[in-house]
Structure formats: C-alpha cells, structure tokens
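Student: Dropping a structure here in structure tokens format, bear with me for questions.
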Ligand SMILES: Cc1cc2nc3c(=O)[nH]c(=O)nc-3n(C[C@H](O)[C@H](O)[C@H](O)COP(=O)(O)OP(=O)(O)OC[C@H]3O[C@@H](n4cnc5c(N)ncnc54)[C@H](O)[C@@H]3O)c2cc1C
C-alpha cells in the first residue's frame, strides 16, 4: 500500500505533540499525529492533571478539618480513596477526549499505533490492526519520558510504585516511603500524608526541592515537618528488600546505613526520555543520556527531523513541551519564531504549601557574578492571605543591583502556582524594578505580595 502523505508527522500526542499539530494545522499544514497509548500523553493522563485532581481532594479534606476555624461545622470527616481516584481518572478522561475533539476540529489525522522512523521523511506505524507507512517533509519526535528505574529500587506495582501506580493506588499506604523530593515525589508525599499516611521522604541532595531557592526549600520543609512528614536529606536508599507484604529500605545517611520498614514505596527518582525503538540512532540523531540532542530551535541536526518536550531534555514540564511544539510548527511552516528562553519557564509544585519559581535563585545569581538586591514579603503581611486563613509563606524576588533586571522570583504559600505567571510576563517583557513598582496591584489579593516583595528589595515595602 502506498504511504499516506502529509506535510508534517508528529510522533506522540502529549502536550508537546498535540499542541505542535494544532499550531501546524492552523498554519495550513496537512498534519498526522501518531500515538500509541492516550491522546494527551503523560500530562493529561498520568501526570499534571490527574495529580492535581488528587491534590484537590486532599486540599478539601484538609480544609474540612479546619472547618471550626472558619466558624463551620463538619462532622464525621472521612474519605473514600476509590472515589478520590475515580474523580481523578474521570478528569483525565475528560481532557483526553477533549484532545480528540481538538484534533478533529483542526483536521489533524490521528493514527493510533507505535511509530518508528523508516528512512528519510518516512514513519512506519504498527498497531493490532496492522502496519502502515506515512511520509512527510518534516517529522517531529515528541515521545515524552517515563519514570527512571534505579537498580534495586525497581517498581513492582504492589509494594513499590512509580507515579502510574501511585495515581491508581490499590490501597491507602499506612507507612509510606517516597524516594526523591522533586516536584513529583513531593506532590505524592503531600497527597498521601494529608490523607493520613505516615510519610517519609528521602532526598539524596542536601535539601528537599533541590532546584528551588534554599530559603523556599527550608520553609517548605518546616511546613511538611509540622504536618507530620519525616524528611531525610543527604540520604540514599541503597536497597529495598521485599518480603511478607513489607519493604525494608536500606538508607545510607551520615556515613551509616539504617534499615526502615514500610508497606509502600513510591520511587520518584527522575525520568528518562522515550528514545528507544524509534530508529533515532539509525537516522543519525544524537542521544545524550536518554535525551535527544537538539539546538535552540529543537532541530536534531538531521534534515527535517525535530524533537520537542520531555524527550528533548530538561526542564521536564508540559508548558515547555507545548511552547516548543508551537515554535517548531511555526519554523516548519516557514516562520521565524524566537527560541525559548529557559530562564522564563516557571516551575510549580502543587504540594501544601505550594511552591513556584522562575529564573535564578539568589545563590545561582551570585554564582553567576551578579550583585543582587533581594526582596522578601511574608504572607502574614497580606490582608487577603489572613482572610483566607493562609498566612504562611513568602514571596522572594532577586534583582540585578546594577540594572534592576528581575533575575528570579521564588514563592511558597497558598496559590503561588497561580501567581508566578505575573513575574513570568515581567521577565518576558524584560521588566525592571521600576515598572514593577509602578504597576498597580488589585486589593485585596495575594498578588499584592508580589508588589511588596519588589518594594522590599529597594527598602520601600509598605505593609511589613
Ligand atoms: C506525576 C507527574 C506529574 C506531573 N506534573 C506536572 C505539572 O504539574 N506541570 C508540568 O508542567 N509538568 C508536569 N509533569 C511533567 C509533564 O507531564 C511532562 O513534562 C509532559 O507530559 C511532557 O510532554 P511531552 O509531550 O513531551 O510528552 P508526553 O506527555 O510524555 O507524551 C508523549 C506521548 O508520546 C507517546 N509515544 C511515545 N513513544 C511513541 C511511539 N513510538 N509511537 C507513538 N507514540 C509514542 C506516548 O504514549 C505519550 O502519549 C508531571 C509528570 C508526572 C509524571
């Protein structure tokens, strides 16, 4: 059978791939997208969205326990884990079918099956219905990533889980070990701890949330400890022994090895790109530690072959994948898009308290040789935060003392994942302290703390 012909083929329908396909279709290209599992990829089905649905249940549960504080009565507070998970799966399903609708609306041809490069401009797709070939002048690899498995800590789905198992837990853990305190590990730790699991987090680096500003990590740790979590930093889980429905973790900390018993372990030690079985090496694509090597425009160096999103490396974030998707679609359609500025991609962790940041931490800015001005503003100085009963947290801003450029912003506290975008816009517009100070922030909002933090960097904070 002759190969079906397109202008562009996208492999993988996650937030990188499906957004790329839509933008290319808007620009008049005839696009096919190949997906082997679910439209929407990890993000909609096994990542961003279902975790946020679970965390929302935990947040409401937590608030119900605080009912009295708000003058309310709530008796017999409890939860039904199956129903919590059912809601989360339903939200994921709703969004995945939304992507199917968007593909149809934009006249993108969806081909379900496993894709593999089959020579220049050609992709073979295999499914239980058979095999077929597609051809196009441009191919975008957007195959995403999966959980990293470390030797001795491999998931079995029963006692040791990856994020996929943790999103559909078969039981409520009683004694839970979370290995890794990046965003994924901390979100699951926050969820299960709030629902009552005795939760321990082990982090190999010197502090939890290691990519965040040191003050944010320290503040978040204090809050997690208050919530009853146990945290071991500079500690390594060497081995997991599984027997009789229990896991014994061998944890190396401070030069000695301790053993600890758990009924459930979540391994959140990072992710690896889905680079295997695609014929990438044969096509001449360079791979570095499980990620496709690309330039600032997501070009692989092989004519007509691009890679976007998680498979193309850090930061492993949905919005980075989508933005790369749009940029590549515009490039392929003959446009002149700007490359992404990595320093303007915000990172958010939806634990309690939430954490959000963009740009350089104070330490990193100093390492880079900047003389900095730093502003801080605590939630306790904000009227809305107090009215909400969310007076814990702070907003920190880092400026270049010489030019006033906003180098970074770091927040911890209620709703900061919604606030951070204000600073992202600022950084995109290359804002300085002067414009931020001139900006009028609505009252009463949590966003006023963003203003006050800037004012504080210049000794002008009003409410603290
Ligand atoms: C638990 C968890 C929580 C997360 N929370 C957040 C968050 O809050 N915010 C955030 O920004 N990011 C979050 N992420 C990360 C986010 O999910 C990823 O960055 C994002 O999904 C990457 O998008 P992508 O399009 O590159 O790849 P994916 O979403 O991984 O999509 C890739 C798709 O390609 C398909 N595929 C792979 N190989 C083939 C093949 N050979 N043929 C056909 N199809 C193939 C896969 O089936 C998949 O559907 C989270 C991740 C996890 C695991």
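Yeah, the Cβs are placed from backbone N, Cα and C, and that goes for glycine too.
Under the heading domain 'FAD/NAD(P)-binding', TrEMBL lists 6-325. Per TrEMBL, FAD binding site is recorded for 52, 310. Annotation comment: TrEMBL describes 180, 181, 182, 183, 184, 185, 186, 187, 203, 270 as NAD(+) binding site. Taken from TrEMBL, the feature domain 'Pyridine nucleotide-disulphide oxidoreductase dimerisation' applies to 345-453. The annotation active site, proton acceptor is assigned in TrEMBL to 443.
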Student: For ligand 1, which among the recorded positions 180, 182, 186, 203, 310, 443 have a CB under 6 Å from it?
Tutor: 310
Student: Using residue 443 (active site, proton acceptor) as the reference point, find which of the binding-site residues 52, 180, 182, 184, 186 has the shortest Cα-to-Cα distance to it.
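Tutor: Nearest in space to residue 443 (active site, proton acceptor), counting only the binding-site residues, is 52.
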Student: Neighbourhood of the NAD(+) site (180, 181, 182, 183, 184, 185, 186, 187, 203, 270): other residues with Cβ within 8 Å of the Cβ centroid, in order?
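Tutor: Sorted by sequence, the hits are 178, 189, 209, 268.
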Student: If you measure every Cα to Cα distance among 180, 181, 182, 183, 184, 185, 186, 187, 203, 270, the residues said to bind NAD(+), what is the biggest one in Å?
Tutor: 14
Student: Per residue, counting other C-beta atoms within 10 angstroms of the C-beta, which of the binding-site residues 203, 310 reaches the highest number?
Tutor: 310
Student: Using a 10 angstroms cut-off on Cβ to Cβ distances, just flag whichever of 52, 443 is the loneliest among these recorded positions.
Tutor: 443
Student: Other than its own, how many Cβ atoms are within 10 Å of the Cβ belonging to residue 180 (NAD(+) binding site)?
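Tutor: Around residue 180 (NAD(+) binding site), other Cβ atoms within 10 Å: 26.
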Student: Quick one: of 180, 182, 184, 203, which binding-site residues lie within 10 angstroms of residue 52 (FAD binding site), measuring between C-alpha atoms? Sequence order, please.
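Tutor: So the list is empty; none.
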Student: Same chain only, sequence gap of 6 or more: which residues have a CB within under 8 Å of the CB of residue 182 (NAD(+) binding site)?
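Tutor: Listed in sequence order: 209, 210, 211, 268, 270.
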Student: Restricting to the chain of residue 186 (NAD(+) binding site) and a gap of 6 or more, list residues whose Cβ falls under 8 Å of its Cβ, or answer none.
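Tutor: Counting only residues 6 or more apart in sequence, the Cβ neighbours of residue 186 (NAD(+) binding site) under 8 Å are 178, 201, 208, 209, 220, 349, 351.
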Student: C-alpha of residue 203 (NAD(+) binding site) to C-alpha of residue 310 (FAD binding site): distance in Å?
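Tutor: With the alpha carbons as reference points, the distance is 23 Å.
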